[in-house]
């Protein structure tokens, strides 16, 4: 999510470029545009085991269609020509035309429109009793570029996960991770309106990592797979230190998805299903899997309870962590970090 341009209805800034590894797209803040990148799906599943557990994929395509439909609706109500701006594609698209590039380089609506229709605004969440923005902001996008990057990322990662674990597990990870990213963003990003599915996308990436850890015994090429996921996660999070990228949404979503993966994506231990029916001597899950599941449940509940309490009390996370702002932007000689 970006903070500066979209939030005040001012100019939106270009999202951080994605890498060739296709990191999960970032979240766009109405004051600034926050880049998003999408996690890659794991290629280390055993093909025979994967075939046995394959599910039909319908949720991810539905989520993609819903995001596209929401973007069209927002553009309809944005109605750029009504404000007399030098709109992009005005003669052809009419009320669906885009804001000028100097205002929104991602080719989309104005910051004011995004704020009006559900963008994440800290003041309205904390003082306006509009907690619903913690979720609705993950269904809005700042422009065609933002939308395209996020949806390609979602398809790239989500389809494989849904085939492996089914729609309801992946759906829960996606939705709850989006809220987790929004909560952390509200705690640390004080200004701006943020939109985008980055928290949810990073949640899927985090869940992929914890799923590999908890189901360690059933996969081949485990070390290579772990190294691959860690490198991808590191690159995605590193992109978040660029200006106008809400890395707190990325981190919050990633941690939430990581914890949920231990709970929702747990699979029976290696060799359990091969035992004769009625004569199974091995327990379905290992002691390590059970311990990780219990710890993850406790930590998830505690984190959301504390985080939401801090949000609705208007706590400024920066007051309790003087260096945390560097997690979202590191100033250099080439750019400065907004407040």
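Positions of Cβ are set from backbone N, Cα and C atoms, glycine also.
Feature annotation from TrEMBL assigns region 'Disordered' to 1-33.
Long-range neighbours of the transmembrane segment (58-77) within the same chain, counting only residues 6 or more positions beyond its ends whose Cβ lies under 8 Å from a Cβ of the stretch, are 95-96, 98, 108-109, 113-114, 116-117, 139-141, 144, 147, 150-151, 154-155, 158-159, 162, 167, 170-171, 174, 197. Positions annotated as transmembrane segment by TrEMBL: 58-77 (among others).
Summarising the annotation, TrEMBL assigns domain 'Peptidase S54 rhomboid' to 129-265.
Under the heading transmembrane segment, TrEMBL lists 139-159 (among others).
Here TrEMBL flags 171-189 (among others) as transmembrane segment. Tertiary proximity for the transmembrane segment (171-189) is limited to same-chain residues at least six positions away from its ends with a CB under 8 Å from its CB atoms, namely 1, 3, 27, 29, 59, 63, 120, 122, 125-126, 133-135, 137-138, 158, 197-200, 202-204, 206-207, 246, 248-257, 260-261, 264-265, 303-304, 307-308, 310-311, 315-318, 324-325, 328.
Annotation source TrEMBL lists transmembrane segment at 195-216 (among others).
Positions annotated as transmembrane segment by TrEMBL: 223-242 (among others).
Tertiary neighbourhood of the transmembrane segment (248-266): same-chain residues 1, 24, 26-27, 34, 165, 169, 172-173, 176-185, 187-189, 194, 196, 198-211, 213-215, 233, 236-237, 240, 285, 289, 292-293, 295-297, 299-300, 303, 327-328, selected by CB-CB distance under 8 Å and a gap of 6+ residues from either end. According to TrEMBL, the transmembrane segment annotation covers 248-266 (among others).
Here TrEMBL flags 287-312 (among others) as transmembrane segment.
Stretch with the most C-beta contacts under 8 angstroms to the transmembrane segment (287-312), considering only 139-159, 195-216, 223-242: 195-216. Sorting the domain 'Peptidase S54 rhomboid' (129-265) by DSSP state (H, G, I as helix; E, B as strand; all else coil) yields 107 helix, 3 strand, 27 coil.
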